[in-house]
């Protein structure tokens, strides 16, 4: 019989569908009571409640996706704080960085022709940069529309909250409060005229108009040096507000969500990206000023040794825009004579030693270089070098060059200081917890070695520390919550634990006050794989509510057989404490565990200590004496499940035995079955087996 009673029962609601017979109905009546049978009116109310819950769940899902729940007139509104809006903010931040990288490329469109020694605009480069700029402007325009939709969604949320203020439903009131909080979380920037004006300003095609309209006209008129001044001033007037716009958007995103990408390494990448953008912009300005200095040199040489018409016709190519090399254009007359002037070429374009280039000395290698890639890479290198070294610049007495050098050195000092400081903070935040973990592991290793612990114990300690680090990343959540004020701590723990506590079927029939007190007292616990939580016969110290992972619950029967079941998320153990707390008269001795619990994998649970269970059951005794709570506790209790499984199994075997005896008429005994000695022995054996499986304690209260 011992071998026949070895069971392996899966803990799941499907146990409610186990077969039962008339002879076993009394023994498993508690299982039948737990079946969710309702009267016809209760069924209709339940269906209505399920419909309301499904509708609200669908609304919450739409809010998470950013689809909104607004009705007529608000179909295009976006709810603030949704996942789609957060993801778009991240994409738009990268688009702002791309825009700051694209705008300086317009300055490289100005070039000097080496063979002809004239100024022209690179048409292909200007066209490519214009296309990139239009793509970035499209992102800015879409962000402007998104901000309007978010502001409209916030307004609709506030209006919906005002309309439903009189509703008494608690969940509806909570949803209204969430809508109002979301409306208040929308920054004033999204609803202000100043913010919208700045968003609109960064879209204006100012640089495109200057490059394609103003600059060709000025070059055609002979204003070769003034055209670069106009381009530089226009670039600064548009670029500086864009920097302010990007930084403001970055700060707003950080203030709303507390982070941008959620990882420290992304913070380091953003800081390096900002430093690289600054070097790129400074290098482009340096290149344009170098081209202007080379053009000034050519004009001076043209006046001194050029053809007679050079003074009236400054150094400018015949056509301001060239889609290719300017040297391929045939010229004649004065321009051909000017192109053959070797003195001007050697002074202005071959070397920077024969003319006062100052800080633009290296640009001599670039102004007449036909390679666009080299024109861009060398200024970026110069910008990185200048911003990092804070000096080593040769300057002339020209005030524009002096101001440019001062601003470059000052900006480099500020940027490098901020970059080093931010990276140090990020790296310290990344490595400090790991260093603390390594220090703790070294202390544990020293302690285990000093105490001569066996290798098995040492391996279990190491495994536990690794799994705890993987789950918490060195953050002591209990300490963080413990240091907060009592009311704030209770609200935070209620918010964090309520959804997980409601996953436990035992708590479905409890009111909010009981759940709030339980959430305030539960503790998050982590058990590694293969850990024995409690042994059969040990005092039950706490109730465990499984959140993640599985436990193996084994119970030794009196005849030597073993009963096993698997507990997963939503199940609980330690129900002996409920009977212990509700028993009258009350005894201080903790109840003994009826089973052994072993983790099958790394398991996360919520633990409720015996003292906390006693507190909750004493102060809210009316809840635990409720018939629904009692049925749920019996239905999901491993002890009651094991006993019911044994009872049903033995009843089924007894039923099969009787059917076999009654169906075989040729061996039917002459005496009645009730008087058959073999049947009496069978009854005695079956009831002995039932009694050998311990039935859970059941007192008058529970």
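Keep in mind that glycine also has a Cβ here, set from the backbone N, Cα and C atoms.
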Report summary line: Checking 63-82, 123-142, 143-162, 163-182 against TrEMBL, the stretch recorded as transmembrane segment is 123-142
Query raised in the report: To which of the residue ranges 28-48, 91-111, 217-237 does TrEMBL assign the term transmembrane segment?
Result: 91-111
**Report entry** Given ranges 324-349, 350-375, 376-401, 402-427, the stretch to which TrEMBL attaches the annotation transmembrane segment
**Finding:** 402-427
Query raised in the report: transmembrane segment per TrEMBL sits at which of 260-289, 290-319?
Result: 260-289
Query raised in the report: So which of 91-111, 123-142, 197-215, 402-427 has the most C-beta pairs under 8 Å when paired with the transmembrane segment (260-289)?
Result: 402-427
Query raised in the report: Would the transmembrane segment (91-111) count as touching the transmembrane segment (197-215), if touching means at least three Cβ pairs under 8 Å and pairs must be 6 or more apart in sequence?
Result: yes
